[in-house]
Structure formats: C-alpha cells, structure tokens
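In what follows, a structure is listed as structure tokens, so that the remarks can point back to it.
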C-alpha cells in the first residue's frame, strides 16, 4: 500500500518560500557574494536585502557547495543528485559550467513549482541549451521535464508512492552513489511523512549522502520569535520538534537508517569558511547588526547524513 500523508493545507505559503529564497539569492549575487549566471532567469526584479540576509545566504550556498564538492571528489561524474523540494535552485546549471557535471540529476517539487520552472527553462535559451543531449531532445509534459541526464518532476513529497514513481521515471539508480539535497523542505512536512521519506531514501540508496539545511535551536527566545513570524505567514513548521536542538535531528536520521550523522549550526559553518573569502564578503557592505547575524546563523544548521564507507568521513573541515 502506498504511504500517502497529505500536507496540512498550507501548500501555497510553503511554495511562496521558494520565491522568497530565490529573490534573496539574487540580491546577494547582484552584490557579488557569489557567482550565479542563472538566478536572473528565476527572479527578475528584487529589492536589495539586508546585509545579514545576504551573508546568511552566502554561508548557506557555500556550505552546500563545500559538501557537494567533497561528494563529487569521492565518486566523480558516475553518480546522481536528487534535489528534494528543488524550487528554482540553479545547481544543475552551475555544475554544468564546471568539470563536476554528474551522470543524472533529478529535481522534485510540487507540480505547480516544476511547471513554472519548466516554463522558465523553455523560454530561456541559456537554460535550455544546457540540458539538451546530443540529439537535442527535451520532453516537457504536464509539469515534468525529461532530457539526457536531467529530470524535473512534479510530485508531493508526502506521497511516498508518487515519489517512488517519479524517481523511477527519472532513472534513479539504486546502486549509484547518490547525493540527496533537502534545503528547508522536511521541516514543512508532517513528521510521519518526512520520516517515511527518509527511511525510504536510506533503504533505497546504500551509498548516499543527505545534505539537510534547516532551522535549529528553536527552543530559545529567538527561535520562538522565528516560529511566530513564520506562523503569521501561514508557514507553520510541522517538523519543528526536530529543530529545537541538534541532537534531535541527529537521532531522527540515525533512526531512519543513515549510518553517520554530523550537524553544525551556520555560525560554526561561517567560521569554517576560507578566511580570505570571508574577508572579501565582509568588505562588500557594512554590517551594523553583527549580533543579529550571529543569532540568525545559530538558528540554522547544515546536517550531513551518510550511508556507505565511501562517504563516512565527510566533514566540515575536510
């Protein structure tokens, strides 16, 4: 029987967080925090964000890139990446501009999100030409896109049967080294649905890495303010109990079948980034609210869960 657990009726508010994140990324890119030639297609006009927001997104993007690089160093291009709740993420195109392109790249999100992303890809040659195979064949149908090595698929991550079907349609290989990405995704799912998804992924891919970016330390006063602000926007965090202290997230992932789990708040991640690049970023714009940046960073974390000996030693300072 398919494990179907519906969302709680807040889909529109959750989907809107994708637009917010994309606009924040473009704001930081325009100021030179990092290079992304493709974000402009997904966020046309944005207001400049506060310096602490720009720096927070810089740390998030660079931390993800750091672990993605470690993953690819170990397995080369004969691997697959599965981006859960992909939104308008541009990672596929950024990797295509490097020597780190992967064998298969699968993106999953709500059908309304993937349909819009398909439309944007179709309208912009700079995006479309990167996903064409030698025959130039790209199939777009009902909010799904298929090409040689890239699949954008609409589904509800709470519907495990649907996830299975979409991964199969995207050519996901059980025996391939697999990188699973989930940035601010599981926290919006009902805990039972999220746990079922995690258990399925851990059981399906014996050599895998999960990069999880979510809120943390929500049990203190600053965390309570964050929760109230999100609730006002209609974005109640269904999985907040796993974000109140780091060990809860670690135990959850171990219980799902992952073999090693490490977690760092973003304040720790910030200090671990290359000193010269941090200096470059700090020179881009004045930051008056340093304490606010530290508070924000201490309430988000990146967690790395692995299966298989190949990835057991992935670490922040590797």
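For all residues, glycine too, the Cβ spot is worked out from N, Cα and C.
TrEMBL does not curate its annotations; it predicts them automatically.
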Considering the S-adenosyl-L-methionine binding residues 60, 85, 156, 157 given in TrEMBL, which of 73, 137, 168, 183 is annotated for that site as well? 183
Extent of the S-adenosyl-L-methionine binding site in Å [max Cα distance among 60, 85, 156, 157, 183]: 25
What does DSSP assign residue 60 (S-adenosyl-L-methionine binding site), in three states? helix
